[in-house]
Amino acid sequence: MKKSRKYATLDSDKIAKISLALATPDDVESWSHGEVTKPETINYKSYKPERGGLFDEIIFGPMIDYRCPICGHKYKKINEGSFCSKTELCKQEKVEILPKISRRNHMGHIKLNSPVVHFWFFKVDHSIIFKLLDLTVAGRPNTEPVRRIDLENLIYYKSHIVLESGGIKALPKNLIIDINVAAVIYKDALEELITRFEPGTEDYEDIRETLDNLIEKASSKIGQDYGIDFYELNEVIEHYSEAKIGTGAQAIEYLLKNLDLQKEKELVSAKIKKINDEEIMSGAKIASTSRQTREKLYKRLQVINAFIESKQEPTSMLIYNLPVIPADLRPLIQLDGGRHSTSDINELYRRVIIRNNRLKQWQEKDAPTLVIQNELRMIQEAVDALIDNARRSPNPVLSKDNRPFKSISDALTGKKGRFRQNLLGKRVDYSGRSVIVVGPNLKMHQCGIPREMAAKLFEPWIIHRLIEKEVATTIKNAKKMLEDQNPVIWPHIAEVIKGRLVLLNRAPTLHRLSIQAFEPVLVRGKAIRLHPLVCTPFNADFDGDQMAVHVPISERALLESRELMLANKNILGTKDGEPIINPSQDMILGIYYLTIEEPGALGEGRIFDNYEHMIRAYEAKKVSLHARVALPIEEVKNSKIKAFASRESQRYIISTVGKFIFNNIFPKSFPFIFDNKVTEATSLEQYSEKVNKYIIPAGTNVIEHIKMELPVLDAFNKKNIAKIIRYVFDKYVAALTLQDVAGVIDQLNDVPLSNIVLNYLNLKTYDDRKVDQEHAIILAALTRSATEKTKARSQRHIEGLEVPLNAEEKAEILDDVWFRYTNMVASILDDIKDLGFKYSSLSGITFAISDILETDKKPEYIAEGDAYIAQLKQYYNDGLISDDDRYSLTIKKWTDIKAKVQGELQQIIKENPRNPIITMINSGARGNISNYVQLAGMRGLMANNTKSTRADVKNERVVRSTVEIPVKSSFIEGLTAFEFYSSTHGTRKGATDTALNTAKSGYLTRRLVDVAQNIVVRKENCGSDYGHIVRDIVDTKNGQIIVPLKERIIGRYANKPIIGEKTKQELAKRNTLITDKLAQKIIDEGVKEVEIRSVLGCNTKNGVCKMCFGKDLATNRVVNIGEAVGIIAAQSIGEPGTQLTMRVFHTGGVAGAEDITGGFPRLIELIDAHEQPWGRPAVISPYEGEIVEDLVEDKNVNSHLLTIKVVNSKKETVNKKVHVYTTKKLRVKVGDHVKVGQKLSEGPVIVKELLELTDTITVQNYLLKEIQKIYRIQGIAISDKYIEIIIRQMMSKIVIHDPGDSKFFAGAIVDIFDYQEENATLLSQRKRPAFGKVVIKGAKQVPLLSDSFLAAASYQETSKILVHAAISSRSDSLSGLKENIIVGKKIPAGTALYPFESHSKYDIRPSIDYFRKPELETSDSEFIPVDLESYHQELEDEQQQIIEVDDSDISVEDEENDFYENED
């Protein structure tokens, strides 16, 4: 692809890796184009940059293209890179001729007159410098750690440090002398020093005098208030001994220069070994102080190792030359009225330059030490503020309006920083946005684009066409026609957009279906038209939502959009593999109305000879839509269908007019659907067998047959239609690949059209089965019609010649056939949508107040409740029950009463199915029973303010999350003032919960994406034999099945042969894909657990293999290599997060384990692996054995002392005691056998504790079960494999305890795969392997431990990541997706992961390639986008004026960024 030199001097596709290291002073000088010596920016009169200042044109490049900054001579583009020689000064300065864009990449530097410590290296991550140096503070015991304030005092010249002790015991090396204890230390040092000299000598007297002065000053008020003069004492000590005391950056420089890293490493390793040995000796229990010390030593060792391995000098952490970033990255903008607005960074640079210059003057004048010291401190502060002003709390440098200046670090971090604002989400050209409105007449793959918008989006193509068709003569002319919206252009625009696609995106982009491709259709008005069925995946509605439009430009982008992103191909949702495109609301209402059966309706029992005749009778109002009539079977379905096959001659099929109309939209080969039993059938064949009674031979009395034999069937509701759509999808979704169809079309010149069906029948489907006869017939018909169309267009029939088809014509036929074949499901869905809208209008459903039917039994129920509550109060007053009991019973009673009222209303609903409101509820179009109960029955109990609940849980009190006085009125009766007030709290809570939830859920998705972003399907089979045993996920508390076994094994591969329980026969071999049928067979055979291949046991590094992942739920086929399953997993878990409740409590009742926490807070708790879950954690058993006794120790405190009979390693039986302090129910009783890690009491398990006691498999199963439970309770189905991916990432790190002979060091956190590789190498060389333990890391920490520092830095804690990457000189090999987006490469997934599998969904080629000779095929380099730049260049040349940059471009990520104010 041609890249303009102006923008991309470095081709991003050629970047192989990115390394980060510490910049040495020489590096900074080599980057620099000159030294900045003056703090001036521009001249206030001439507005020209000052020479030697922060905007100097000689250093940073010219303000105007190709103009010499000294003499002002303007050159041509061709002179770029040469030197100006117009004047002597130009020759002397060697001024290069450059474009003004060079001001964005030319750097300068400031030569500092004294080194400065880089702020990040002593502030970030508890200070790298001090981890390296290991300092002590005077006047404190050695064990006490050095506090950050001590270090800052040293760097900011407030305290001093001993650099060399010179043999003086009072001054040990590396001792920090704080001003408060300085007098004592210096006194001791001088007293020690004086003993070295004979009394009476001059030196002795000198020291004596200094000592007396010190004692006098230290005891005076001034000395006590302000401390003593360090400098004078330092001079004396340094004069009379070898000691050396320093302060500030120079002292740090001295220490770093003289540091022996190798020796330090050995010392630290020895200390760690000592603690580890102690731990082994004492039997795995060591004091917490030792453990903390070891943690500190681990961290120190990590830093020392980083410097040793990267071979960098520690002094590089000091700044000698300060780089000045390019001028255009910190611009000075002229405002109206001659004022200027400047970037904060300029202000910070100016402070540094002013102070640096002043220091130079002081040094030249030989000023007093104190003055120079003060200036040095100010420079240090100025450079700190420039690097990271926000961290300089509590006193960052403030601007005039009292806000902290934005420093260089602030430009990197946070949502508005470089990473997230400019690198991961950019504003893009060729995009726009507008409000959406419904487009009911669109096909599913279309969307309506406003004419004016299309004119702007497709401008270059339109201009090209206008000139080609000679409508306009020049580009300028064409552009003017577009701007004036000349009516001539509209037909041309319509032609231009033919065959092009647009991408529509609705923020927040929660999953991949939030961006889909559509064919644009021009519409009038200013709103985008959206197909009603794609609202579900976009989560859009038409109450003012906006959507963004993007135009794919290159040929390749168009191909991908058409094959992978077109809306009609995205029928299934990714999270559960069920159709996400389901009709709703009016469409459901229409179909429900259409399929109602009414006994005795007008025209019942009539027999029609064909379908058209029936429709005419209905239109003439001779027969009702709901009347049951008969039609000949051939009119309705292919009589070849098994269920209808019979010897008898003429047979009729009985159903209502509406159901005939409904069934007419399906292909003739689809079974006739009579009733809603279709949802109970496991397959269409099974359903078809049950419908024989609706088929009668000729001559039967139809009216009698209907009355006697046929029950009145229910109409189709939302669930039935969803199931029917699933059947349609399974039956008609494309079973062949584009390559297969192309192969048949390639033979069109050799095979007669009538025989083409045989060629299709010979093909194999993608899962290696024979092609279904029906698909072959459909494809043959489509091929025939497309071929005839193409031949007719080329006018062959006129000459009567039989000319063979050429490659272009074959490609045209292929495009037509393939589109119509893959569009079959969508076209049926479109027909369902049209029917739904049509008949919901015809049904004329409306409702009035009289339609809300009430129950007359309600007052007696209310009275019963009131009497019961009064009695409870009496009992409580008499002291018979506690307040907690009274509350719980009250809540229970009112809940029961509401249930009774609901029961009465349900009866009413049954009796009045044709009531409009009840029709809406029954059909599933809108509303549900609980809405109706509030409308006509009673509103019931309301949620309480739950501020105090947490305390209640901790104190084991009953949680009062519900107001105990219910709202007794319904909306139809109207609420009293108190009831209205009471209900406002609950209502508002609902609204605030939703808002909070959206933000939290967005943040969760972002974290999960970061956890799993580099997981891509990379191999066919990793060969792992480590399976995962699955069985029903059962809630151990109430025995409910949360996820049945069948659902867990469909679409997975078996890891071991599966043997039936009943027949004992082998049902499936190892590595067999478990299909729906096979799964049903396994369940029928009574198999209770199956070992499957799982992501958790996959051996693929940075990814998974096809076998361990199984079926791709979105396509219902085995996953393809290149699928970015990590991101799909994150989206599938995050997207439904919004629907999880924020409620921590279920309604009322005693706080059991179930009530403590569910929903969103619990999910976060599991995914972040919290150490302190909400409420009181469960006690888990540390032993395996039998419980022999349970002593309740104290009556007041519920504490159990369990005794467990354990068989130890020596085969002896011993009794172990376990304390269970809790009021929660015990999970076990005497005589139970308990396993290690089993819960002894109710409550959430602390995951880290479980991992310590058991193994990884137990923890993985626990997490999987708990996460599934949260979603399933809310009725959200998510596939296991997605949760497995996240769990695998959480448990992918190992902490090294004993490094053996490996390259790791103790305390390092390494990736499991690196650990295994290293150990395999060591064992093969007969060396000692490393030993470590798996650790569990929450989703917050996993991305920070990523191998890629770019991915980690763009997530959180940017400065910390970059500091560690720099000291260890890390390289980023750009293996994940995020890193590649940052550097602007294609992501290594999908179509960019070469070579992709042939016949996979990513094997996308232009149609013409299937019919060309291989050498003529389109190569990758030919996928060049339209050269849009040449248009822009011509325009620029014509207009010769500055085109203002318009900020109305849309960024894909912008929208969601604003949607979720993220929490970091």
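A Cβ is built for glycine as well, from the same backbone N, Cα and C atoms used for every other residue.
Keep in mind that what you see is a predicted model, and the values were worked out from it rather than measured.
What Swiss-Prot annotates here:
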- D541, D543, D545: Mg(2+) binding site (BINDING)
- C1022, C1098, C1105, C1108: Zn(2+) binding site (BINDING)
- 1435-1464: region 'Disordered' (REGION)
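Known features from Swiss-Prot, placed on the structure.
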residue	record	contacts (Cβ under 8 Å, 6+ apart)
D541	Mg(2+) binding site	C535
D543	Mg(2+) binding site	none
D545	Mg(2+) binding site	V435, I436, R506
C1022	Zn(2+) binding site	C1098, N1099, T1100, V1104, C1105, M1107, C1108
Residues close to Zn(2+) site centre defined by C1022, C1098, C1105, C1108, Cβ within 8 Å: K1019, N1021, S1024, R1093, V1095, G1097, N1099, T1100, V1104, K1106, M1107, F1109
Candidates C1098, C1105, C1108: member of the binding-site residues with the richest Cβ shell (10 Å): C1108
For C1108 (Zn(2+) binding site): DSSP state (helix, strand, coil): helix
Cβ-based neighbourhood (8 Å from the centroid) of the Mg(2+) site, residues D541, D543, D545 excluded: I436, A540, F542, G544
Where C1022 (Zn(2+) binding site) sits in the secondary structure, as DSSP reduces it to three classes: coil
DSSP state at D541 (Mg(2+) binding site), helix/strand/coil: coil
